[in-house]
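TrEMBL has this to say about the protein:
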ACT_SITE  81  active site, schiff-base intermediate with D-ribose 5-phosphate
BINDING   24, 153, 214, 235, 236  D-ribose 5-phosphate binding site
BINDING   165  D-glyceraldehyde 3-phosphate binding site
DOMAIN    7-212  domain 'PdxS/SNZ N-terminal'
Ligand SMILES: O=C(CO)[C@H](O)[C@H](O)COP(=O)(O)O
């Protein structure tokens, strides 16, 4: 019997992306570049985060025609973003038949208190997190995949590193915690105790955890894998670089060969000019602060 939208299917689908790169794309042409480079999925959106930053204003779910154009162009899974808490955008994307929904801080939040109850949907969701508590709250709401937030659109990997290190540190802490401390720890990080206990049992998050936000070179992508990411999301780092096709392939290779310095050297030799980066201290808006 075919089962659609069960937890096992959603979580298992996310598992299939492990060791891969998911690329933000804004056109059918970019989607084809991503597919040819070996992306495991694409994320359809109106603008990459660096351009969302520049444009300002309210960033919403991409237009349906844009998402359709991308879905028709490639055979790999297509993800698309909705605003935090925007149940209607999510219902529309589910009706459209996208493969995954990203409830993303990169778009302007629609609800200043609540995320979507993702259990209500058959389509799986990925959500951003900066620490274990945030990750487990999203999983409690039904997210089948987590990505650390980083600071999208900056080409600066420092926040992605901070968030991945924080999550991994907290997981190590939980692993070494006596059971009698779990309830108080769960209260302090604002996470359900059953999920904290699950983290202790598994020694990892109960769903896959990708890195995102600010990855701009093959070395950045390899670094995130070294820190324990299951895979990497890249947006601006590819399509704001001088040679997106080359950069896309190099980042895919780097995620595969993250533990092989000789290969990383070869991969990094001829990648063209990476995107320009931004200092975090100089940002007017920190996208990572959206979501709670
Ligand atoms: O929100 C995302 C993940 O779903 C973006 O794809 C990701 O954060 C892109 O960031 P950047 O443009 O810095 O690579």
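Heads up, residue numbers simply count up from 1 along the chain you see.
Placement of Cβ uses the backbone N, Cα and C atoms for every residue, glycine included.
Where the annotation comes from TrEMBL, it is an automatic prediction and has not been curated.
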One should report the C-alpha separation between residue 236 (D-ribose 5-phosphate binding site) and residue 81 (active site, schiff-base intermediate with D-ribose 5-phosphate), rounded to whole angstrom, as 15
Taking the Cβ of residue 235 (D-ribose 5-phosphate binding site) as reference, which residues of that chain separated by at least 6 in sequence fall under 8 Å from it?
-> 23, 24, 43, 45, 48, 49, 50, 106, 152, 153
Output field, D-ribose 5-phosphate shell: CB within 8 Å of site CB centroid, site 24, 153, 214, 235, 236 dropped = 48, 49, 50, 106, 152, 154, 155, 213, 215, 234, 237, 240
What's the longest C-alpha separation between any two of 24, 153, 214, 235, 236, the listed D-ribose 5-phosphate-binding residues, in angstrom?
-> 12
In which DSSP state, out of helix, strand and coil, do we find the residue listed as 'active site, schiff-base intermediate with D-ribose 5-phosphate'?
-> strand
All chains considered, the count of other Cβ atoms within 10 Å of the Cβ of residue 81 (active site, schiff-base intermediate with D-ribose 5-phosphate) is 27
Residue 214 (D-ribose 5-phosphate binding site) sits from the residue listed as 'active site, schiff-base intermediate with D-ribose 5-phosphate' (Cα to Cα, rounded, in Å) at a distance of 17
DSSP three-state assignment for residue 24 (D-ribose 5-phosphate binding site) = strand
